[in-house]
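Asker: Take this structure first; my questions come after.
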Amino acid sequence: MADEHYHLMSADDAYKAVGGTKDSSDSWVEKQREKYGSNKLAEAAGRSLVAVIISNFVNPITAILGAVLVLACILEEWIEAIVVILVILLNNTISIIQEYKSEQSMDAIKHLGGATNATVVRNGRAQQISLADVVVGDIVEMKQGDVVPADIRLMEISRLEIDEAVLTGESVPVIKTLSALPPPAEKDQEIATGDRTNMAFRQTSIAQGSGRGVVVFVGGKTEIGKIAARLADGGSGDKKTALTATMERLMYGLFFVGILFGVLIFWAFNWQISDQALLYASATLVAILPEAAIVLITVTMAISVRRMAASNAIVRKMVALEQLGKVTDICSDKTGTLTEGKMRPARLVVCRPDGSPMEELVPEGPANSRKATWSTALSSLASEPMETLTDALRALVLCSSTSMVQLDPNADDLEGHGSPTELALMETAWKVTYGLRDTVPNLDAVRAGWQARGTFDFDSKTKTMSTGWYNSNTGVSLITVKGAPESILPRCAGDPINNARLVSTMDHLASQGLRVLAVAQRTDLPLSDSAADVSTLERNDVEKDLRFLALCAVRDPPKQSSITAVKQCYSAGIVVRMLTGDHPATAEAIAKEIGIIPHGQASKGVITTGPKMDAMSDAELDKMDELPLIVARCSPESKVRMVEALHRRGKVAAMTGDGVNDSPSIKEADVGIAMGITGSDVTKGVADIVLADDNFATIVSAVREGRRIFASISNFVMHLLSGNMAEAVVLLVSLAFVIDDNGFPIFVLSPIAILFINTATGSGPAIGIALDDCASDLMKRPPVKHSIFTKETIMDCMFYGTVMGGMSLAAFSIYFWVIADANFGVNCNTNEGTDCDTVLEARASSFLALNTLLLVHAYNCRHQRMPFWKSPLDNWVLLGSLIGGTLICLLLLYVPYLSTKVFKHKGGAWEWAMVGCLSVAFMMVCEFYKLVKRTFLPPLTTYVADKKLDSITVEGAKPML
């Protein structure tokens with residue numbers, strides 16, 4: 001038998017297998033440490049601030065802008081150089097801040113070890129040692145409140161329950177056992193971590209009782225250590241998104257085109273590499289590069305981060321925003337994410353002694369409150385069910401190991417501490433008193449007169465708990481018992497275990513994912529003596545001949561918002577998958593209630609378990625027609641494999657969760673989402689997004705914002721590139737005919753004017769476009785699969801750019817040859833030129849035309865097909881950028897030094913009327929172009945309802961033009 005299967009061994013065999021000994025000398029400790037390793041966890045290797053800065057500045061975009069900067073410095077164009085420096089700094093500073101914060105947050109992984117000390121037995125003496133000094137073979141003692149220091153095979157237990165939520169995500173403590181577990185039915189499968197009831201795992205906490213066991217795994221071989229290793233090895237890391245890669249390729253491509261244009265320019269200058277030729281080449285390179293694009297994408301995402309924060313989604317890594325719009329699958333933990341994460345009252349079935357159900361009562365009311373509306377008014381019950389209900393209430397109150405009290409006698413709010421299941425049972429009792437408040441005002445009224453006569457604590461073997469009581473006022477002795485139905489019913493008189501109606505009721509409750517307990521009592525055991533104590537008797541003699549009272553069902557209910565959110569996900573073409581450590585029946589019931597799978601018999605392959613999935617090879621997973629929608633008893637490795645399997649199918653996966661067990665898969669996913677309230681520091685440290693309200697529905701808002709921002713970025717990048725195309729048209733076409741008397745080209749636009757249009761003019765409208773609200777149908781479309789550069793986008797950039805460039809060139813030509821005297825002057829490309837008024841004024845006309853056309857073009861770019869007047873006109877930032885960009889032109893055209901020396905143009909009067917006419921003509925041409933596209937091109941967007949997507953069909957929608 002393999003060493004890693006200690007849960008299949010007896011405790012003694014496991015002790016011998018790991019070299020346990022009573023003679024725990026220092027040499028033995030060192031020998032064990034050398035053989036099995038130390039009890040330290042792997043730590044993530046973080047990057048220093050200097051490394052983060054270097055990685056951000058050493059990239060192709062900065063290199064290209066650096067080349068422009070060097071050229072500007074060589075030509076002593078200091079204003080242009082300063083602007084380029086500002087662009088480089090702004091572009092990288094925001095990314096540096098975001099990345100460094102992410103690096104700092106990874107410090108949480110270093111605290112995965114939990115406790116710092118452990119109690120071990122060496123040389124027959126219990127002693128406290130450092131957690132790092134624990135070795136395989138040590139005997140560890142644990143009590144309530146302790147954190148388990150290593151993976152341990154239990155040897156002795158006393159009512160031991162361990163909270164394993166940190167590993168499995170499940171909030172209900174696990175009742176521990178000692179016996180060796182039977183091997184799994186399938187030899188190639190493993191027993192799920194949550195089902196290894198004879199093991200205690202590092203980082204989990206003792207919820208109740210005490211125990212002792214032998215250490216079998218330390219450090220990186222523990223279950224928590226495996227998670228730490230996956231997080232520390234870099235995992236998926238900071239992956240380069242498609243948008244980043246696309247923009248880098250674009251910059252490379254444009255830089256290469258700029259070099260070709262430079263050759264053409266030097267040809268036009270008769271191969272004279274003069275200052276004017278270099279200046280013209282620099283202007284062309286500046287013209288075709290969208291310098292502001294990267295900055296604006298970063299700023300736009302930062303704006304979106306603030307919008308999402310207002311909706312309780314805290315974005316830690318801005319690159320996740322792009323991926324959100326492309327998410328095809330959301331893999332979610334169940335407990336605390338889709339559900340409330342707390343056990344709540346669900347059913348109370350009052351029964352006759354023979355097991356026949358009399359009333360099935362369903363409470364509806366707020367959590368942690370006695371207030372409830374019952375499906376049947378309790379005060380209206382007939383005498384027999386009322387009497388039984390009163391007895392069941394008494395049994396629930398008296399047979400309990402926890403306490404839940406009213407915060408205020410005049411209020412309904414409750415507060416309690418203890419086992420989640422026990423608290424849910426006590427809340428059930430409080431809600432019964434609310435229904436009977438005229439006769440039973442509170443739990444104190446139920447307890448009145450009863451004197452304790454001993455307790456049998458819950459035992460994992462009998463699966464029961466019982467308490468003895470005596471009431472001196474009535475002279476009644478009472479034994480109250482609760483526990484698993486399969487343990488309680490055989491101990492009851494009246495043979496309820498064979499009642500078909502009762503069995504059917506229990507099966508129905510179990511199929512709904514409810515945790516069912518039975519309560520019973522007996523009154524024939526004399527306990528009038530004040531010294532009487534049931535614990536001195538044989539337990540089997542006490543817990544027999546019981547009178548069966550009721551079934552009490554509790555559950556971790558789904559959040560109502562989760563039901564709506566899942567429905568919205570499917571409408572948006574997003575598949576929701578539940579990956580949980582819970583049992584398959586519970587997971588299936590919750591999934592059906594939330595809407596992840598339909599009611600009725602689940603199709604084959606829709607539901608599986610972690611061990612089954614882990615036993616499958618990648619090839620076997622890939623052969624499945626569809627990956628499972630529910631994976632129960634899911635291990636951390638199962639979750640990672642699900643993400644990897646989705647990636648192999650070309651899907652974009654988001655993973656949500658709160659426990660440490662979710663951390664590896666959250667890091668591996670395209671978008672990792674952690675819960676902010678219940679989430680561990682480790683999980684938040686590796687997540688891309690943290691939900692401040694732990695609400696699955698917030699994910700839908702985040703996806704909607706991701707789709708909106710992707711559409712907005714696509715639109716404003718098209719706007720910016722249209723301007724670059726227009727500038728390139730102006731400069732290159734003018735080489736052919738805007739030539740001075742010496743045969744050299746004249747600038748139609750100066751380099752600083754081009755840089756101004758690329759940065760200042762384009763930035764305002766771009767931010768305005770980025771703030772556009774979501775399209776009303778955005779969450780009815782399939783996830784985004786294309787890049788921001790589609791064939792239609794490229795065609796649009798070329799068309800709009802050519803039209804704007806042509807009109808800008810026309811403005812120069814009309815002013816220069818029609819309105820003015822066509823005087824080229826001398827050396828008018830520099831500040832030392834003479835007789836340059838005509839050139840400067842014509843250049844101002846061209847600048848004003850292109851600047852204005854680019855401003856109004858923003859309204860075209862809000863939608864590729866829709867007429868601009870059909871888009872909402874309440875975007876005040878966009879309108880403000882149009883007005884502000886026009887007003888700034890007044891300064892640039894008419895302030896003497898700024899206009900003539902910096903921008904090398906001079907404002908006149910005729911150009912305003914001409915530019916106004918050109919703007920109207922431009923918008924008319926653009927609308928005609930859109931009309932042609934609407935007429936002859938296929939619909940831009942198809943709703944999810946119009947096609948089958950992952951076997952999900954939604955009816956009633958039409959294609960959007």
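Using N, Cα and C of the backbone, Cβ positions are placed for all residues, glycine too.
Summarising the annotation, TrEMBL assigns domain 'Cation-transporting P-type ATPase N-terminal' to 5-77. Residues or ranges marked as transmembrane segment in TrEMBL: 49-72, 78-97, 250-271, 277-303, 716-739, 745-771, 797-820, 840-861, 873-897, 909-929.
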Asker: Should anything in the same chain at least six residues away from the transmembrane segment (78-97) have a Cβ under 8 Å from its Cβ atoms, list it; otherwise answer none.
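Answerer: Distant contacts of the transmembrane segment (78-97): 52-53, 56-57, 61-62, 65-66, 68-69, 72, 282, 286, 291-292, 294-295, 298-299, 302, 318, 751-752, 755, 759, 902.
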Asker: Same-chain Cβ contacts of the transmembrane segment (250-271) under 8 Å, 6 or more residues past its ends?
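Answerer: Cβ under 8 Å, 6 or more out: 60-61, 64, 67, 277, 280-281, 284-285, 288-290, 724, 728, 731-732, 735, 743-745, 789.
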Asker: Are the transmembrane segment (909-929) and the transmembrane segment (745-771) near each other by the rule of at least 3 C-beta pairs under 8 angstroms (pairs 6 or more apart)?
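Answerer: When sequence-distant Cβ pairs are counted, the transmembrane segment (909-929) does not touch the transmembrane segment (745-771), since fewer than 3 lie under 8 Å.
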Asker: Six or more residues out from either end of the transmembrane segment (797-820), which same-chain residues have a Cβ under 8 Å from its Cβ atoms?
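Answerer: That would be 718, 721-730, 733-734, 738, 748-749, 838-839, 841-843, 845-850, 853-854, 857, 860, 908, 910-911, 914-915, 918, 921-922, 925-926, 929.
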Asker: Please report, as numbers and ranges, the same-chain residues at least 6 past the borders of the transmembrane segment (873-897) whose CB is under 8 Å from any CB of it.
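Answerer: For the transmembrane segment (873-897), the far contacts come to 753, 756, 760-761, 764-765, 767-769, 771-772, 844, 847-848, 851-852, 855-856, 858-859, 903, 905-907.
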Asker: Within the domain 'Cation-transporting P-type ATPase N-terminal' (5-77), what mean pLDDT does the predicted structure show?
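Answerer: Taking every residue in the domain 'Cation-transporting P-type ATPase N-terminal' (5-77) and averaging pLDDT yields 81.
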Asker: What counts of helix, strand and coil residues does DSSP assign across the domain 'Cation-transporting P-type ATPase N-terminal' (5-77)?
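Answerer: Its residues divide into 45 helix, 0 strand, 28 coil.
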